[in-house]
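A.B. asks: Encoded as structure tokens, here's the structure I'll be asking about.
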Amino acid sequence: MIGIDIVSIARVERCVKRFKMKFLERFLSPSEILLCRDKSSTIAGFFALKEACSKALQVGIGKELSFLDMCISKSPKNAPLITLSKEKMNYFNIQSLSASISHDAGFAIAVVVVS
């Protein structure tokens, strides 16, 4: 399955400015927050990536999958990687996840392929 999501970077900037860490902690782990380094485009990309993953799994964010069930990291070449907890990998019967994030014209877009 494939999931895709697009997020306005300006909207993320407004949320960070208004809600500070409370906004980030709602959908990012401490290690993911460190990866973002307060960069709005990266935060928007990470949000889009988690939303795209939930769409690829056809469940959205809710009872079956929370933002914190997904973990974003970077490959040695700085490409985004997304993983799920072992429990969720088994629950959804996932063998692998592939991810891509791009930024342009004030938007962050992410795609996740689940196999």
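Easy rule for this one: first residue shown is 1, then count along the chain.
Glycine too: its Cβ is placed from the backbone N, Cα and C atoms.
Taken from Swiss-Prot, the feature Mg(2+) binding site covers ASP5, GLU51.
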A.B. asks: Using Cβ atoms only, which residues of the same chain lie under 8 Å from GLU51 (Mg(2+) binding site) while being at least 6 residues apart in sequence?
C.D. replies: GLY3, ASP5, VAL7, ILE61, ALA110
A.B. asks: Which three-state DSSP class does ASP5 (Mg(2+) binding site) fall into?
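C.D. replies: It is in a strand.
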A.B. asks: Looking only at Cβ atoms, how many others are within 10 Å of the one on ASP5 (Mg(2+) binding site)?
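C.D. replies: Result for ASP5 (Mg(2+) binding site): 20 other Cβ atoms within 10 Å.
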